[in-house]
Amino acid sequence: MESTYIFGHKSPDTDAINSAIIMAEFEKLNGNDSAKAYRLGKVNPETQYALDYFKAEAPELLTEDLTDKDVILVDHNEFQQSADTIESAKIRHVVDHHRIANFHTAAPLYYRAEPLGCTATILYKMFKEQGFEIKPQIASLMLSAIISDSLLFKSPTCTEQDKAAAQALENIAGVDAQEYGLEMLKAGASTVDKSPVEIINADAKTFNMGDYSVRIGQVNTVDVNEILARQAELEQAITETLSGAEYDIFVLVATDILNSDSTILVLGKDKDKIAKAFDVELDNNTAFLPGVVSRKKQIVPPITAALS
């Protein structure tokens, strides 16, 4: 039987990694024994904390050419966020909770997208709909992804369905979501040991917006000043990234996970348009965005509107 490659987006976060593992389990329960989870980048500290805590193995790094291979995408659909050879692959299934853009297939496919806070919540629903048992380890991976994407249920993207799923999964996983979740988020929030390049690329996605290619990186922290203290070296890393890639604008979002606010650092072409998108002015290339924590719901839409 031909292998099925399952993976999330580049610069993977907890939802991208965990949902690939969960989807592979779902496929196997549906009789697809050739399904295997992969990742498109390094496992970040937050995700590694979750994997270690629940004794789960990280997926293998995908290095193969996907031409004519069967693939399933989770937690993304836009080609520029996916594997380099994705346009030559046979995309059989997508499970996602983001906008649909820069995506097409040559053949029909299963596509499930819902405006929920996390891909793992959709997968939870799929397990329930099929009557599949959700084992404790799978439950723990689902719960970790929901906590991550919702910033412990504080993000405006978090829905009642996400909260209900998390409550059910908390019981199966046998952990206290608040206590475990805060420790997991803290594990991924320290930037002291990270290089500037690691910080700007750890959770970065590329978006096509009008005539612009925009790179938006997000870093969670418990102290935004820890990030701003390194502004000069971060700007150098961003400038080098802009000069060496086809990006027009780079937006680094430093999100305070305790106070649910963000500070943006913006460099590139027409950067003032980014400030206008949020009705603020850049001061030394930065601006404070109170109450903004979600890239998907609070950052991408206004920037898209401003640049389109």
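Note: Cβ is positioned from N, Cα and C throughout, glycine not excepted.
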Of the candidates ASP70, ASP75, ASP84, ASP96, the one that Swiss-Prot places in the Mn(2+) 1 site of HIS9, ASP13: ASP75
Candidate from HIS97, HIS104 that Swiss-Prot assigns to the same Mn(2+) 2 site as ASP15, ASP75, ASP149: HIS97
Distance from ASP75 (Mn(2+) 1 binding site) back to ASP15 (Mn(2+) 2 binding site), taken between C-alpha atoms, in Å: 7
Inter-residue Cα distance where the pair is HIS97 (Mn(2+) 2 binding site) and ASP13 (Mn(2+) 1 binding site), in Å: 14
Neighbour count (Cβ, 10 Å) for HIS97 (Mn(2+) 2 binding site): 25
Three-state secondary structure, which DSSP defines for HIS9 (Mn(2+) 1 binding site): coil
Integer Cα-Cα distance in angstrom, ASP149 (Mn(2+) 2 binding site) to ASP75 (Mn(2+) 1 binding site): 11
Any further residue of that chain within 8 Å (Cβ to the Cβ centroid of HIS9, ASP13, ASP75) of the recorded Mn(2+) 1 site: GLY8, SER11, PRO12, ASP15, ALA16, ILE17, SER19, VAL74, HIS76, GLN81, THR119
Env. residues of Mn(2+) 2 site, Cβ within 8 Å of mean position of ASP15, ASP75, HIS97, ASP149 Cβ: GLY8, ASP13, ALA16, SER19, ASP96, HIS98, GLY117, CYS118, THR119, ALA120, ALA145
